[in-house]
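Engineer: So TrEMBL says this about it:
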TRANSMEM  6-21  transmembrane segment
DOMAIN    12-73  domain 'MrpA C-terminal/MbhD'
TRANSMEM  26-47  transmembrane segment
TRANSMEM  53-75  transmembrane segment
TRANSMEM  87-105  transmembrane segment
DOMAIN    110-175  domain 'MrpA C-terminal/MbhE'
TRANSMEM  152-171  transmembrane segment
């Protein structure tokens with residue numbers, strides 16, 4: 001049953017990504033990105049990474065969608081058609097994609113227990129975190145305790161980016177409001 005859910009979610013992710021690429025209405029693209037993030041959060045829930053799902057839902061569906069909608073309010077809803085279709089970006093993307101696919105041939109099989117990533121600190125986290133931290137969910141234990149400063153740093157970056165965007169939007173509104181309102185004479 002879980003494999004069927006994974007296949008359905010993966011299929012929906014692919015369909016949503018293709019729809020986002022094909023659309024030219026920036027509002028519709030933003031909605032597709034929100035749906036994509038919501039589906040990705042559902043994938044994380046199925047993978048028992050509920051904390052990551054909450055983060056994806058909050059940042060991907062919530063904050064990112066709001067920021068993109070605010071940007072659409074500033075730049076307009078329709079995508080501007082390109083003057084010409086350059087071939088160089090397509091070649092760069094194709095070569096980069098081919099290099100990335102070629103690089104995966106050297107990787108160990110997915111979830112292999114003898115993979116290098118599984119031999120470092122992961123066994124220690126899995127075995128010791130319930131006793132050291134007292135939190136039964138390993139993801140929560142790692143994010144809250146072992147990687148607490150990293151998580152705090154990530155939150156600081158996200159908060160700072162949000163404050164910067166709000167400051168820019170507020171500055172633009174203030175300037176346009178000042179230009180629209182007549183000046184008072186003493």
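The backbone N, Cα and C atoms fix where each Cβ goes, glycine too.
TrEMBL labels come from automatic prediction, so no person has curated them.
Bear in mind that the values here come from a model prediction, so they are computed numbers and not experimental data.
Set these features in their place in the structure for me.
Structural biologist: Sequence-distant contacts of the transmembrane segment (6-21) (same chain, six or more residues past either end, CB-CB distance under 8 Å): 29, 32-33, 35-36, 39-40, 42-43, 46.
Taking Cβ pairs closer than 8 Å, the transmembrane segment (152-171) reaches residues 59, 63, 67, 70, 74 in its own chain, all 6 or more past its ends.
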Engineer: Determine the mean pLDDT over the domain 'MrpA C-terminal/MbhE' (110-175), rounding to the nearest whole number.
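Structural biologist: Averaged over the domain 'MrpA C-terminal/MbhE' (110-175), per-residue pLDDT gives 77.
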Engineer: Per DSSP, what is the helix/strand/coil residue tally across the domain 'MrpA C-terminal/MbhD' (12-73)?
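Structural biologist: Breakdown, helix to coil: 56 helix, 1 strand, 5 coil.
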Engineer: Mind checking how the domain 'MrpA C-terminal/MbhE' (110-175) divides into helix, strand and coil residues in DSSP?
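Structural biologist: Helix, strand, coil within the domain 'MrpA C-terminal/MbhE' (110-175): 51 helix, 0 strand, 15 coil.
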